[in-house]
Amino acid sequence: MNHVSSTKPDTAPSKHLTSSHIDATDQNNKRLKKLTTKLRRKTGQAIADFNMIEEGDKVMVCLSGGKDSYTMLDMLLHMQKAAPISFSIIAVNLDQKQPGFPEHVLPNYLEGLGVDFAIIEEDTYSIVVDKVPEGKTTCSLCSRLRRGILYSNAIKMGVTKIALGHHRDDMLETLFLNMFHNGRLKSMPPKLTSDDGRNVVIRPLAYCAEQDIADYSILSGFPIIPCNLCGSQENLQRKQVKLMLAQWNTQFPGRIETMFKALQNVVPSHLADPGAFNFNDLDHSNSTSIEGDTAFDPLELTPVTKVDTLAVPITRID
């Protein structure tokens, strides 16, 4: 493992720009400013709502080189400066020895930021190739191996919180995947105890939309590392759910936000899980049942305007 503390170098000299370049730059800067404000607000709200980071925490920011983890690191570095509490950050990348992985990209970027970081080198690629038949999705095994390595190294580093870059859309996709394929009403929690019981995992981007993160990543110029270096086939089930949600978001603006709100407003008494609600001891004298029999009343639905997905491509940036 390579462990480095670095300082930020001098800023590179500016270049001469034409008037058209200046106009485009001004527009992008305004757009970036709006996105920055929005993402910082949502990240800060998620951290506060779930008490993700506390005084004296050492946060391992898991950095893959993708848009989500770059954005998460950027948000947390800002929070570190602005928050009323003191906490430290160490950015960690797991180099899994995938063919063609650009080993210089992340160290160069992190040295430029002046953030403490560690590069953990483990050849999980060879293990995955040996265990998974050619042409099959390797993501599941790769993810389990990666988690185990990160968790064990977190203990060695004295880390108190492990930050992952999953966002709102990941959480909704996981909800539908579990419903469709596992028969479970289960999503991806913003905060949890890790598999080994020794770490607390947090997802600071839990309230952030993937499209906002993607736009922010482009405008910020992050040096993105592609996630298909291993040659694995994309998870078809997740891809189908992602496409379904994207179509809904275009046809029915606001539906994604409403569905995510549902994750935060669960009514166990109006589901069918005896383990989540004590139906056995329910009797007519119990008047504390949430919402009572209003479930039989007609729902008051807010009408939405259907949009032709072919005619009106939409990118929403609030």
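Quick reminder: no glycine exception, Cβ is built from N, Cα and C everywhere.
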If I go by Swiss-Prot, the feature motif 'PP-loop motif' sits on one of 40-45, 64-69. Which? 64-69
With DSSP as the yardstick, break the motif 'PP-loop motif' (64-69) down into helix, strand and coil residue counts. 3 helix, 0 strand, 3 coil
Give residue numbers and ranges for long-range contacts of the motif 'PP-loop motif' (64-69): same chain, 6 or more residues beyond its ends, CB-CB under 8 A. 93, 105-106, 165-167, 205, 210, 213-214, 216-217, 222-225, 227
